[in-house]
Amino acid sequence: MDTRAFKRSLHHSERYNRRGFGRAEEVAGSLEQAYQSELIQSIRENGYELREGRVTIRLAEAFGFCWGVERAVAIAYETRRHYPTERIWITNEIIHNPSVNAHLVEMNVLFIPVEEGVKDFSGVESGDVVILPAFGATVQEMQLLNERGCHIVDTTCPWVSKVWNSVERHKKNSFTSVIHGKVKHEETLATSSFAGTYLVVLDLEEAQLVCDYILGNGNREAFLKRFAGATSPGFDPDRDLSRIGVANQTTMLKSETEDIGRLFERTLLRRYGPTDLNDHFLAFNTICDATQERQDAMFSLVDEPLDLMVVIGGYNSSNTTHLQEIAVSRGIPSVHIDAPERIGPGNAVEHKPLGQDLERLEPFLPEGDLRIGITSGASTPDRVVEGVIDRLLQLAEAGQIAAEIA
């Protein structure tokens with residue numbers, strides 16, 4: 001399928017919209033009430049610090065809603081205003097945040113049902129309005145919705161679209177796209193649908209396995225077994241790893257994406273020599289600015305003396321998980337929570353350790369003075385961060401009173 005030609009055709013359709021409906025002022029009040037926070041703004045203006053009682057809160061200098069997320073949510077709100085009575089669907093979570101998605105449900109936006117990992121579009125009819133989320137949608141989904149006569153509202157983040165352009169360029173020049181991402185993540189599924197031949201690698205370890213194979217140090221059967229489900233149909237490692245272009249899921253850890261790119265460049269340089277390197281490797285620059293800013297701010301924050309790190313965001317949010325990884329790598333006690341309600345009752349928190357299921361930690365806050373670092377993923381509203389801070393301060397005050405009584 002010529003994905004470039006399809007996109008051009010779709011973008012010229014009267015039933016396609018990716019710029020909103022000119023109703024920004026109409027929805028501004030609803031967005032502010034639901035997602036913004038005067039407390040968080042005041043903390044920003046106070047050097048990202050709040051002191052109250054025995055607690056000092058230190059906010060990362062970049063956190064929370066990114067521009068792409070703000071844009072997607074605003075367009076979704078505008079869509080409901082523009083189509084007040086029409087049936088509106090969304091192909092997936094608009095962003096990875098439970099409170100934001102709950103607000104869409106309250107606005108009577110329907111989510112495409114998923115049965116055993118497969119989306120069921122059977123209920124979508126001609127004339128329905130369908131929102132594509134910030135992560136994008138696969139080209140096959142877009143084609144289905146277009147052929148069905150739906151009104152498509154595309155909130156795909158422009159940074160994601162930039163990655164799609166990169167893998168289409170790989171395809172045009174007969175390069176295999178090596179995508180650094182999570183194979184089942186919505187963004188990676190969408191990106192791979194625009195690629196030709198592709199291979200998804202999760203981390204530097206998997207990238208090293210691929211590079212070992214390129215240099216003749218691998219077993220074909222073991223390779224295909226390891227990457228089953230992570231390649232394009234008919235992928236042949238003996239044929240398809242001679243010309244490589246690297247791309248990434250925009251929310252992956254910046255430093256690891258860069259390491260993977262350098263690893264493939266060194267490997268192909270070793271395999272084919274400097275004269276022919278450009279015929280076998282394409283450089284890349286698909287790291288999202290917002291992801292990079294939040295990770296850089298997190299690295300700065302964990303350089304400070306902290307007693308505890310609280311990372312806030314959806315449990316299925318890739319960029320939030322990578323922020324948690326940074327704290328863990330520095331040995332700072334840390335918790336990843338998706339909502340204020342995870343804190344309490346009592347001196348306890350329900351949180352998600354890296355790579356594990358939810359667990360309850362009790363006691364949560366230690367006695368004495370505390371410096372607590374806080375950050376949030378790109379899909380987390382300031383209002384949620386405010387709720388977490390309120391709970392932490394209430395818990396700290398209750399603990400202080402209990403200690404004084406004792």
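Glycine residues also receive a Cβ, built from the backbone N, Cα and C atoms like all the rest.
The feature active site, proton donor is assigned by Swiss-Prot to E187. Taken from Swiss-Prot, the feature [4Fe-4S] cluster binding site applies to C66, C157, C288. For H96, H185, S317, S318, N319, S379, the entry in Swiss-Prot reads dimethylallyl diphosphate binding site. Per Swiss-Prot, the feature isopentenyl diphosphate binding site maps to H96, H185, S317, S318, N319, S379. Marked as (2E)-4-hydroxy-3-methylbut-2-enyl diphosphate binding site by Swiss-Prot: H96, H185, T250, S317, S318, N319, S379.
Recorded features from Swiss-Prot, shown on the structure.
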| residue | record | contacts (Cβ under 8 Å, 6+ apart) |
| --- | --- | --- |
| C66 | [4Fe-4S] cluster binding site | C288, A290, T291, R294, A378 |
| H96 | dimethylallyl diphosphate binding site | G313, G314, N316, S317, S318, T320, G377, S379 |
| C157 | [4Fe-4S] cluster binding site | G68, V69, R71, A72, A134, F135, G136, T250, C288 |
| H185 | dimethylallyl diphosphate binding site | F135, Q249, S318 |
| E187 | active site, proton donor | F135, G136, V160, G181, Q249, T250, T251, S318 |
| N319 | dimethylallyl diphosphate binding site | T251, T291, R294, G313, G377, A378, S379 |
DSSP on E187 (active site, proton donor), three-state: which is it?
helix
Other than H96, H185, T250, S317, S318, N319, S379, which residues of the same chain sit close to (2E)-4-hydroxy-3-methylbut-2-enyl diphosphate? List them in sequence order, counting a residue when its Cβ is within 8 Å of the Cβ centroid of the site.
I95, F135, E187, T251, G314, N316, T320, T321, G377, A378
Compute the mean position of the Cβ atoms of C66, C157, C288, which form the recorded [4Fe-4S] cluster site, and then list in sequence order the other residues of that chain whose Cβ is within 8 Å of it.
W67, G68, V69, A134, P158, W159, V160, T250, T251, D289, A290, T291, A378
Neighbour-count leader, CB within 10 A, binding-site residues: S317, S379:
S379
Three-state secondary structure of S317 (dimethylallyl diphosphate binding site) from DSSP?
coil
Would you work out the biggest C-alpha to C-alpha distance among H96, H185, T250, S317, S318, N319, S379, the residues that bind (2E)-4-hydroxy-3-methylbut-2-enyl diphosphate according to the record, and give it in angstrom as a whole number?
15
If you count other CB atoms within 10 A of each CB, which of T250, S318 wins among these binding-site residues?
T250
Validating a neighbour-count step here. Other CB atoms within 10 A of the CB of C288 ([4Fe-4S] cluster binding site): how many?
25
